[in-house]
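**Q** Below: one structure in C-alpha cells.
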C-alpha cells in the first residue's frame with residue numbers, strides 16, 4: 001500500500017497535513033524540557049507520557065513498514081527521534097528512583113512488548129494476517145491513548161473549571177485526529193481511521209466543555225466586577241444608658257463605630273472611645 005494516489009490527490013494532502021500537525025504536537029513538551037534543563041531537575045514531571053509515545057511510534061512504524069506507507073513511516077520516525085531526545089534529557093536530570101522506573105517501563109514496552117509483537121507476527125503470521133494483527137494492536141493502543149483525556153474531562157465537570165485543560169494542545173490533537181481520520185477514510189484503512197474517530201470525538205467534547213465553563217467563568221467575573229459597593233451612611237441614635245442604677249444619661253452613638261462605655265464608681269462619668 002503506497003501513499004501516492006494519482007487518482008485521489010486528497011489522500012496525499014490529508015497525509016501531509018497529518019504529518020505537519022502531528023509534528024507540532026510532538027514539539028509541545030519543549031517548554032517542559034527547557035525548564036528541566038534550566039533547573040537541572042525533573043521536579044514533579046513524569047516520564048510515562050514520553051515512553052508511551054515512543055512505544056506508539058514504534059508500533060506505527062512497524063505497521064508503516066508492513067504496508068509500505070511512507071507518510072505514516074515519516075511522522076513516526078520523526079516522533080521516535082524526538083521522544084528519544086525527551087527521554088534522554090529526563091534520564092540525565094531525574095533522581096535515581098525516577099531513572100529506575102523509567103528504564104523499567106522502557107524495557108517492558110519498547111523491548112518486551114514491541115519485541116514480542118515483531119517476533120510473533122514475523123514468525124507465526126504471513127501476508128495480510130501479519131498486517132491485520134499489527135494494525136489491530138496499533139489501533140487498540142491508539143484508542144486507549146485517545147481515551148486518556150477522560151480523566152481531564154471528569155475533572156473539568158467536577159470542578160467546573162478549565163484550569164487544568166491544556167486547550168491549545170487539545171485543539172491541535174483534534175486537528176491531528178481530523179487530518180488522519182480523513183487520510184484513513186480516503187485510503188480505506190480502517191486501522192488508521194477508527195482510532196482517529198475516537199480522538200475526534202474526545203477532542204470535540206473537550207472543546208465544548210471549554211466553551212461552556214470558560215463562558216461561565218467569564219460571566220462570574222463580569223458579575224463580580226459589576227457589583228458596586230453600597231454607600232455606608234451613619235445615623236445618630238439617642239439611647240439612654242443606666243450607670244450603676246443611679247442615673248439615666250443620653251448618649252449619642254454613631255452606627256458602624258465601635259463604642260466602649262466605661263463606668264467609674266467614683267465619678268459615674270461616661271467615656272466614649274472610637
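Heads up, the Cβ atoms here are built off N, Cα and C, so glycines get one too.
Model, not experiment: these values are computed from the prediction.
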**Q** According to TrEMBL, transmembrane segment applies to one of these ranges: 192-213, 214-235. Which one is it?
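**A** Going through 192-213, 214-235 one by one, TrEMBL gives transmembrane segment for 192-213.
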**Q** Same chain, outside the transmembrane segment (131-152) by at least 6, Cβ under 8 Å from its Cβ: which residues?
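**A** Counting only partners 6 or more residues beyond its ends, the transmembrane segment (131-152) has Cβ contacts under 8 Å with 52, 55-56, 59-60, 62-63, 66-67, 117, 121, 125, 164-165, 170, 177, 189-192, 194-196, 198-199, 202, 206.
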**Q** If I count Cβ-Cβ pairs under 8 A between the transmembrane segment (164-186) and each of 12-36, 71-93, 105-125, which range comes out on top?
**A** 12-36
